[in-house]
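Sequence annotations record features per position, and here TrEMBL assigns domain 'Response regulatory' to 2-115. Residues or ranges marked as 4-aspartylphosphate by TrEMBL: Asp51. The DNA-binding region annotation in TrEMBL covers 123-220. The feature domain 'OmpR/PhoB-type' is assigned by TrEMBL to 123-220.
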Amino acid sequence: MIILLVEDDTLLAAQTIDFLNAENIEVDYASSLTQAKGIANGSHYDAIILDINLPDGTGLELASTLQEYSQAPILFLTARTELEDKLKAFSLGALDYITKPFALEELAVRIKLLAQKHNTKPNKTFELGSLFVDLDAKFVKRADRTLILSPQQWCLLTLLIQHSPNPVTKDTIIATVWPEQDVNNNMYKSLITRLRSNISHNNDSELLHTLKKHGLALKEQPYE
């Protein structure tokens, strides 16, 4: 298990990292908003632990940014006890909120619970608007249309479902759909075009959306 800890108090961070390492939790560490953005972009974590007060911004800003390209569950670890801060954190997708001072033992337990939830298998069925997918039966329907997908399209769709509504990077898609194969950009674009055409036909709303530099997402609303 690996997490990202974002905390500007270096002494507290060192104590926390030592304890979590003893609990078999590997920790990447950032002491600022800028550093955290650089580390988190393109990385995959089982959980992300955020302080709110950072030297160059707030953990709330980072949580908002992370929603665009990370599906890791977020836990806030902060001295801020106001209800307004808690509600804002949860509105940005946080799944847990611990106020300082805190017990390291409790933090470790909560991290493990978040990671366990994050790593569970996707639901056997998936629905998004008029799209219905039975993952066990490999059955896909959009409104009253039954979709016939190629093996590669099915592989891409299930990958997007696992991460929905967050984007999946191009590298992850290629590694999943074409493991140990040489893939050119035309093959990648062609697969997305075929799946998009299958899912969104005639007057169907678009469900595949691209976020520049972050990848492809299965979601109802396009990126602004």
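Here the Cβ of each residue, glycine as well, is placed from N, Cα and C on the backbone.
Secondary structure of the DNA-binding region (123-220) per DSSP, as helix, strand and coil residue counts: 36 helix, 24 strand, 38 coil. Following the DSSP three-state reduction, the secondary structure of the residue listed as '4-aspartylphosphate' is coil.
Restricting the average to the domain 'OmpR/PhoB-type' (123-220) gives a pLDDT of 91.
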